[in-house]
Every structure is written in C-alpha cells, then in structure tokens.
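**Q** One structure follows; several queries about it will come next.
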C-alpha cells in the first residue's frame, strides 16, 4: 500500500465513522455533539498557532487574534458560572484536575475523593493524577441506599484526617453531591473544596442540578464536551478562595506546570459553546433532565432495574441500570449487544461491584445529552427504552432492531440549542 493509500484509508474511516455515528442512538454519558459554528472554530487556522502564558502576556508573537478570543472566553465563562476566574487553558478535565493537585497539594498531603466503584473518576485515584502527585488518597464513605456520599460518616472522616483537598464529583453522577453540607466542615480543617464538574458542567450552566461555587466549593474543574456541548477540552473556574500567593500557585501549576500550548482551535470552540449556553443553556439543561427522567421511568416500566427509584431515578443526564439479573456478565454482555443494534452506551461498575469486575460489571451508564441536542424529547426516550428492551429482555436479533434504530435516527440530524438551528420545535 502506498502512503497516499494510507491517507485515503484514514479519510475513508473518518467518513464511515461520521456516517455510522449519525445513524446511531449515542447514549455515552461522556460525549456530545458540537454545533456547526463550533466545528468551524475547531477546523480553523487556530489549530496551527502556538500560545503560552496569559492573553497579552505571551511568550510567542503573533497572538493578537488568539488573545482577543481567549479574553472573550474568560468574560463569557465567568458570566455563565458566576466565578471570579476562568482558565480555559487545561486541555482536558483530567488535565484540570492535575493542575489542582499540583498547585494546591504536596506529596504526602491527604485528599478525600469518591471511590471508582462509587463513581469517582480515575484521575482522582491513587493510580491516577492524585496518586501521581504523591497525594495520600482516601475515599468518601458511601451510602448505597441514597447512592451518594454518607454525610455523617464523611463529616467524621474530614475531622479525623484533616485533608488538604476534599473533592466532589465523578463519572457516575445521577444525584448532586452534599457540597453544602460538607464544605463548612472542610473549611474548619483548612481543606480546599474542589468540585469535578466534568459530567454536569452544562447542567450547572443551565441552572439545573446544583451550584457548587454557591454551595461552598472553592474551585470547579471540568471537561467541556459532556453536558457542556463543546469540543474536547478542560476549564478551571474558581472564586477568590485564598490569598494571592495560593491562587498564583494554581495558575502556575496550569502553565508552565501541566500545560504548554493550550490547543487554540479547541479553546475557540469552548468560547462559542459558552455563548451558546448563555443563550440556550437553560432550555437545554432543563430538557436533558426531563429526558433522563423519562428514559429512566420508561426503562423501569419495560422491566429493567433502574437505580435510584426512591429519589426519582436521576437529577442529572445519567440513567444507571443494573443488568446483572439478565446475564452473569452484566454490562459486559449488554453493551456490545446494544452496539450491534446501533445503541451506544457503556458498561459501568456499580457501587457494590469490586474493581475486579471492571470488564463484567453489573451496570450500564446511559446519558441523554447528545440525543437531547439533536432534538429528542420525552416521547423519543420512551421509544429508546423499548429498543433496549427488545435487545436485552426480548432477546430479539440486534440486527433487526438496528434497522428500526436507523430509520428512527434519520429524523434527528440537526444540532439544536445553537445559533445555527435555535431551539427544537415540538410538533
């Protein structure tokens, strides 16, 4: 094969992927779809540019237009999240967490985070960014019944350990975390309160879920491509939470600590997404939560064991389903079958699963944010629940269901809650 043929093959795979993706029901909770305007930014000449440092204080020349875009971004993000500072330079949510761990922690300092099985992100773990910084990682006590941090036991843990950082947020995140209840206790022992908003940033922007910076968090870290429907990237939002020297340590941890050039085409895409969310974020976040509740209720009616029934199943974009009663391999069996039917989601550990079950966990994690953005509403969620039932409970041939999924998805090809297409119209 010639090198040009390799090129052609790659371009063909990209084209095939885009065609395939546009005809699937994508329920991956950590993905979304960007608007045409954001796509223009990401594909722009900003991808060729390098910039280090702050706007107007660069180490490279030729940043005149890049600086203006980034300054607009700081203005829009601080307005959207009512923060004192917004730093768009992290290139991922994990990268944002790295900056916090390196800026505010020293090797041997204690941090309290959510355990992976309970929904914590890998970057919070001893084998992730927290451990790589040399932090001593402790995990929140968890209440299986409420599917959340156990507040009483957590208060006791904070007072006993006197950690440097307490961290809320995670990857399995159907219900708000008790920031309001635990932040005052953390402040008593001098801990920084950090909230990883990667999954719920768009819901926070739209006034749904919870408002961490008003509830006591000092800092929010996040990725920008889940419920916040931008390009892949990260952001750090924070209040004037400490003296100037401490804040400077965080800023220096970002650059030159863990970021050099900050992928300016993605930065520009984040800025446009912030403008979209200021215009449409409230409607978008509201519909996401409505859709998640509708899907959860429909799945329960179809015979699935949906987690969190006593609390209304979910208050976020996520629906968590325990499928271990359908097959010994649980989510490891269900997710590939659903992919054959054109329904894309991921297997997931549930709080009672040991880490050894990572490939055959009990659960499925479902997110509705992308299908909401292409215009789907509660009625469509009920149809999706029935597609899932046909595959997993009725044991129908996934290829047969795939045909129905294909035609169902054909109607939903526009990216709403954007300046390109506005709001979806309910017929």
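Numbers here mean position along the shown chain, with the first residue as 1.
For all residues, glycine too, the Cβ spot is worked out from N, Cα and C.
Relevant sequence annotations retrieved from Swiss-Prot are reproduced here:
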| type | residues | note |
| --- | --- | --- |
| BINDING | 120, 121, 122 | (6S)-5,6,7,8-tetrahydrofolate binding site |
| SITE | 225 | site 'Plays an important role in substrate specificity' |
| MOD_RES | 226 | N6-(pyridoxal phosphate)lysine |
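For the listed features, I'd like the structural context: burial, neighbours, distances.
**A** Sequence-distant neighbours of residue 121 ((6S)-5,6,7,8-tetrahydrofolate binding site) (same chain, 6+ apart, CB under 8 A from its CB) are 93, 94, 97, 114, 128, 169, 170, 171, 196, 198.
Long-range Cβ contacts of residue 225 (site 'Plays an important role in substrate specificity') within its own chain (separation 6+, distance under 8 Å): 30, 31, 32, 34, 231, 232, 233.
Within 10 Å of the C-beta atom of residue 226 (N6-(pyridoxal phosphate)lysine) sit 29 other C-beta atoms, taking all shown protein chains into account.
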**Q** Whose Cβ, among the binding-site residues 120, 122, has more other Cβ atoms within 10 Å than any of the rest?
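**A** Buried the deepest by this measure is 120.
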**Q** To the nearest Å, how far is the Cα of residue 226 (N6-(pyridoxal phosphate)lysine) from the Cα of residue 120 ((6S)-5,6,7,8-tetrahydrofolate binding site)?
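**A** On Cα coordinates alone, these residues lie 16 Å apart.
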**Q** DSSP three-state call for residue 225 (site 'Plays an important role in substrate specificity'): helix, strand or coil?
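**A** DSSP call for residue 225 (site 'Plays an important role in substrate specificity'): strand.
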**Q** Provide the three-state secondary structure of residue 120 ((6S)-5,6,7,8-tetrahydrofolate binding site) computed with DSSP.
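**A** DSSP call for residue 120 ((6S)-5,6,7,8-tetrahydrofolate binding site): coil, neither helix nor strand.
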